[in-house]
Amino acid sequence: MIKQYLQVTKPGIIFGNLISVIGGFLLASKGVIDYPLFISTLLGVSLVVASGCVFNNYIDRDIDRIMERTKNRVLVKGLIDPKISLIYASILGIAGIVLLYAAANALAMQLAIIGFVVYVGVYSLYMKRKSVYGTLIGSLSGAAPPVIGYCAVTGQFDTGALILLLIFSLWQMPHSYAIAIFRFKDYQAANIPVLPVIKGISVAKNHIILYILAFMIATLMLAISGYAGYKYLVVAAAVSVWWLGMALSGYKTDNDRIWARKLFIFSIVAITSLSVMMSIDPHVPSEAFLTYVR
């Protein structure tokens, strides 16, 4: 039973989000780490993300039955009572929000609530099923964890937080489109209006290129604005150029599914590399680059 309650929280998604939280937190810490705050932030974000995933599993039960990759999820197979899952999700979410408020600050809590509402209330309940722009809306919630980590330290939404929001939002788009391409039949069968299904894979490839170019600019801005150092800059430039090259190769591929899967895998390598480098190579920016929103 414990295994099912763990699975419904999507541990893989929680782990991926924690890597970005660590990146944002350590970037803001500038080498001076408040360990109790660090642990509390990781736990708080984990609980909120877990809550969102459980709610998402509850909402998506009907379409999860249709899709090959989701047909064996806990709620689809009836291993947990749906009503119990709602209570479970609520407890997780409330615990995470309270912890962020008590151990971090009100801004971190507010960002967590906004990310949660966008993911569950806007994306999962409506946009995912009704609009080709659902991925764009979902990308905003996906970018919340690193910003929460950053603001847990700073207590303010400044230029650094804005750049992090841009980096992780822009990264989500080609990452998600790649999934939609190599899982094309799943999304088509479930009538989920993702861009590759609605506009075609060729159009999706064009969008992927544009988003990676924008992602590249955003990643470099973190160093140009003085928030990260030259080591970060070199890695950011390298992974962005490589990712762009992989995306461009999609115009010549004979197998879109294999190409998209490779692009998806490298997207994880890219964002993990950036999270690591911003963690170990932070800089203190000039005041000229700071825009405070307290």
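Placed from the backbone N, Cα and C atoms, the Cβ positions cover glycine too.
Only residues 6 or more beyond the boundaries of the transmembrane segment (13-33), in the same chain, are considered here, and those with a CB under 8 A from a CB of the stretch are 41-42, 45-46, 49-50, 53, 145-154, 160, 164, 168, 227-228, 268, 271-272, 274-276, 278-280, 282-284. Annotated transmembrane segment per Swiss-Prot: 13-33 (among others), in sequence order, evidence recorded as sequence analysis.
Feature annotation from Swiss-Prot assigns transmembrane segment to 35-55 (among others). Same-chain neighbours of the transmembrane segment (35-55): 8-10, 13-14, 17-18, 21-22, 25, 29, 85-86, 88-90, 92-93, 95-97, 99-100, 103-104, 108, 112, 115-116, 119-120, 124, 141, 145, 148-149, 152-153, counting only residues six or more beyond its ends whose CB sits under 8 Å from a CB of the stretch.
According to Swiss-Prot, the feature transmembrane segment maps to 84-104 (among others), an assignment based on sequence analysis. Long-range neighbours of the transmembrane segment (84-104) within the same chain, counting only residues 6 or more positions beyond its ends whose Cβ lies under 8 Å from a Cβ of the stretch, are 5, 8-9, 36-37, 40-41, 43-52, 54-55, 57-58, 75, 112-113, 116, 148, 152.
Distant neighbours of the transmembrane segment (107-127): 41, 44-45, 48, 51-52, 55-56, 59-60, 93, 96-97, 100-101, 133-134, 137-138, 140-142, 144-145, 147-148, 151-152, 155-157, 294; these residues of the same chain sit at least 6 beyond its ends, with a Cβ under 8 Å from one of its Cβ atoms. For 107-127 (among others), the entry in Swiss-Prot reads transmembrane segment, with the evidence type sequence analysis.
What Swiss-Prot records for 132-152 (among others) is transmembrane segment, and it gives sequence analysis as the kind of evidence.
Residues or ranges marked as transmembrane segment by Swiss-Prot: 162-182 (among others). Long-range contacts of the transmembrane segment (162-182) within its own chain (CB-CB distance under 8 A, at least 6 residues past either end) are made by residues 20, 24, 27, 135-136, 138-140, 142-143, 145-147, 150, 194-197, 201, 204, 207-208, 211-212, 214-215, 218-219, 221-222, 225, 227, 243, 247, 256-261, 263-264, 267-268, 270-271, 274, 291.
If one looks beyond the transmembrane segment (208-228) by at least 6 residues along the same chain, the residues whose Cβ comes under 8 Å of a Cβ in the stretch are 27, 159-160, 163-164, 166-167, 170-171, 173-174, 177-178, 236-237, 240-241, 243-244, 247-248, 250, 263, 274, 277-278, 281-286, 289. If you look up Swiss-Prot, you'll see 208-228 (among others) marked as transmembrane segment.
Swiss-Prot lists 229-249 (among others) with the feature transmembrane segment.
Under the heading transmembrane segment, Swiss-Prot lists 264-284 (among others), citing sequence analysis as support. Here the transmembrane segment (264-284) has Cβ contacts under 8 Å with residues 16, 19-20, 22-24, 26-31, 146, 167-168, 171, 174-175, 178-179, 182, 219, 222-223, 226-232, 235-236, 239-240, 242-243, 246 of the same chain, all six or more residues outside its ends.
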